[in-house]
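> Attaching a single structure in structure tokens format; questions to follow.
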Amino acid sequence: MAMKAVCVLKGDSPVQGTINFEQKESNGPVKVWGSITGLTEGLHGFHVHQFGDNTQGCTSAGPHFNPLSRQHGGPKDEERHVGDLGNVTAGKDGVAKVSFEDSVISLSGDHSIIGRTLVVHEKADDLGKGGNEESKKTGNAGGRLACGVIGIAQ
């Protein structure tokens, strides 16, 4: 049976958006789609963080969701956090249209992202290839512009 989830992104900045998730089979890929507005043109890191806690804004969401204790990487890398979804690309109008599939995240089981926080960052994620310690943890993606807790949808 297909599972669906949704995340409404908000923050202290004008950045906001809605991201949808759908997984047709429990061990199948997750389709991710939606849009984010209010961004500066270019790439912005896009990650699932460990906690669904937004009491202190996006900072209380903790580090990237990483149940396998791996180093940070890109979405197509073998070595990556479960929550490493790479970058979204905003056009001149400040809008990022999101549409991709990911086979590492899940909407159920040990790698479930339900109840965790999705974050869009101020800078591009270097996908762990930045040549310093921070790159292997965060991808040097900078501050957290907007976030939201991923919840079950109809």
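Cβ coordinates come from backbone N, Cα and C, glycine included.
Small disclaimer: the values here were computed from a predicted structure and weren't measured.
From Swiss-Prot, here are the annotated features:
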MOD_RES   Ala2  N-acetylalanine
MOD_RES   Lys4  N6-succinyllysine
LIPID     Cys7  S-palmitoyl cysteine
MOD_RES   Lys10  N6-succinyllysine
BINDING   His47, His49, His64, His121  Cu cation binding site
DISULFID  Cys58-Cys147  disulfide bond
BINDING   His64, His72, His81, Asp84  Zn(2+) binding site
MOD_RES   Lys92  N6-succinyllysine
MOD_RES   Ser99  phosphoserine
MOD_RES   Ser103  phosphoserine
MOD_RES   Ser106  phosphoserine
MOD_RES   Ser108  phosphoserine
MOD_RES   Lys123  N6-succinyllysine
MOD_RES   Lys123  N6-acetyllysine
MOD_RES   Lys137  N6-succinyllysine
MOD_RES   Lys137  N6-acetyllysine
> Out of Ala2, His47, Lys92, His121, Lys123, the recorded positions in the record, which is closest to Ser106 (phosphoserine) when you go by Cα distance?
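Of all the candidates listed, Ala2 is nearest in space.
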> Let me know how many other Cβ atoms fall within 10 Å of the Cβ of Ser99 (phosphoserine).
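Excluding its own Cβ, Ser99 (phosphoserine) sees 11 Cβ atoms within 10 Å.
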> Indicate the candidate from Ala2, Cys58 with the smallest number of other Cβ atoms within 10 Å of its Cβ, considering only these recorded positions.
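Taking Ala2, Cys58 as the recorded positions, the minimal 10 Å Cβ count falls on Ala2.
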> Around His81 (Zn(2+) binding site), how many other CB atoms lie within 10 A of its CB?
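Other Cβ atoms found within 10 Å: 27.
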> How big is the Cα-to-Cα gap, in Å, between Lys92 (N6-succinyllysine) and the residue listed as 'N-acetylalanine'?
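Answer for this pair: 35 Å between alpha carbons.
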> Near His64 (Cu cation binding site) in space, meaning Cα within 10 angstroms, which of the recorded positions do we find among Lys4, Cys7, Ser99, Ser108, Cys147?
none
> Please report how many Å separate the Cα atom of His47 (Cu cation binding site) from that of Ser108 (phosphoserine), as a whole number.
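Rounded to a whole number, the Cα-Cα distance is 18 Å.
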